[in-house]
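Asker: TrEMBL feature annotations, pasted as is:
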{"type": "DOMAIN", "residues": "7-156", "note": "domain 'Flavodoxin-like'"}
{"type": "BINDING", "residues": "13, 14, 15, 16, 17, 18, 60, 61, 62, 63, 138", "note": "FMN binding site"}
{"type": "DOMAIN", "residues": "222-458", "note": "domain 'FAD-binding FR-type'"}
{"type": "BINDING", "residues": "365, 395, 396, 397, 398, 429, 430, 431, 432, 617", "note": "FAD binding site"}
{"type": "BINDING", "residues": "471, 537, 538, 543, 544, 545, 546, 547, 579", "note": "NADP(+) binding site"}
């Protein structure tokens, strides 16, 4: 009977936000007395969906409207043609989608895309929606929680109307946080271990991340390889207001294709890690194992190798850059021993205090360590810290080199992130600032993973139209390197590259590199049918962007498209991708004499055929 009353929550997360939201919904369900299971979609057998009574989906949208990696197999199953339109007629469902409306899919807000697709497919298969689809937006002042809270209120009301037994103590009953404090989902076991034997960094990372509740995908526990920095070179002029670097790394195990992405596990400040351990009264030299409470972790039992507590914190818990979630403040309120701290934390954790919490926490980007220091009476058990401190995530960078041109090397083009908060606090991006501070002479080992990005490697016979302003030029440096190498042994198709930056003197990234390939029959030279076009947005009174340069080359772009060219766009996700798409619309309409609507259809066709590719980031 309880299995039938159980509510199943399935999440598909790329960066962790959907997981956080799913767990928040799960906690609220538990506090209302309803059994609940929270699972990643890749841990659930899609063929058993028809046996569930109630399923809540929390799904994120990645990149330019893409499905999270963990959802791809699940989604492929749902698209099977042999599934009947009555297959899920006994299933009630709800969908909450997360995304960032700053990412635009060519004039369509991408943050709604995956949730919309899932909602429609479940309806097509006969399932009954409990409430209207919810959509959380990272651009909202309170991020996704701004819409999640009212959406959950509607969900509880409709669930209770459909089946009052779901909430046996009534719609308005919610157990207090105190009743959940003995229910930490994490168990930490301390071991007496001889610390004389020092494990390799690879094994330390694997063991720590394997134990972490951060739910890293299995292939993210053990690094593909370790790389060492051999060059740390500024690309932008000092004092110009931005710091862009060219990094080069080497390892005998490097293997990738142009268009691939490098995932880097950043190092945290040793001082911040030490301060966190001291603030929480922990012994950094303790040896621990971590696993879910109430479950036997057979894999860890087999490994039987505990990890040093300080190493676990360094490699899995983001104490020095990530802001804690609202539930962190709620749990802190329970462990606060002074009335004024407890009252303030309870207010932050309430729906009434949500906006003030946003101003205090997210907008200032306060770190876990800073928050703990501002509430000194809070003494939170390590089990709860392990459960609630945001996991240390890898950072993604578009690779800016060709492995064929640079065997055993990988290059990155990185803008060092820094900003000032409303309260004038100076902040820096964890990974970019860490990389910028590395000395190539020190030989620091950097754990990395390689993965496919949104830009597939083009064959040498494919004409290319590349658009990459700012650090969006990164993948195309690799494209040009590789095609230059291919041109030495055979014919290659033409390339047009549109680059943009603020000033010619300040941030014309890789200037000599691009110009060298426009000369002496290079792959960007006019004699090879190529071209290199630069827009300097701030060197004249009127702003000029890449789309303006594209319109100037309207005829050449159209001729290459007619010859079967593929379009690759990379860079900031704000307005650039949609502005570039509009420029292509205008060019196609003008040169072919068709309507703008017909031009859009042609571009959609290119997209479906894999000839219009976008990689954008915020």
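Including glycine, each Cβ sits where the backbone N, Cα and C put it.
What does the local environment look like for each feature on the list?
Answerer: If you take every residue in the domain 'Flavodoxin-like' (7-156) and average the pLDDT, you get 84.
Within 10 Å of the Cβ of residue 544 (NADP(+) binding site) there are 16 other Cβ atoms, across all protein chains.
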Asker: Give me the CA-CA distance between residue 62 (FMN binding site) and residue 396 (FAD binding site), in Å, as a whole number.
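Answerer: If we compare the Cα positions of residue 62 (FMN binding site) and residue 396 (FAD binding site), the gap is 13 Å.
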Asker: Max Cα-Cα distance in Å among 471, 537, 538, 543, 544, 545, 546, 547, 579, the residues listed as binding NADP(+)?
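Answerer: Comparing all Cα pairs, the maximum is 19 Å.
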Asker: Where DSSP helix means H, G or I and strand means E or B, what are the helix, strand and coil counts for the domain 'Flavodoxin-like' (7-156)?
Answerer: 61 helix, 38 strand, 51 coil
Asker: Report the nearest neighbour of residue 471 (NADP(+) binding site) in space among the binding-site residues 60, 398, 430, comparing Cα positions.
Answerer: 398
Asker: Do you know which of the binding-site residues 13, 17 has the most other C-beta atoms within 10 angstroms of its C-beta?
Answerer: 13
Asker: So for residue 365 (FAD binding site), how many other CB atoms are inside 10 Å of its CB?
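Answerer: 14, counting other Cβ atoms within 10 Å of residue 365 (FAD binding site).
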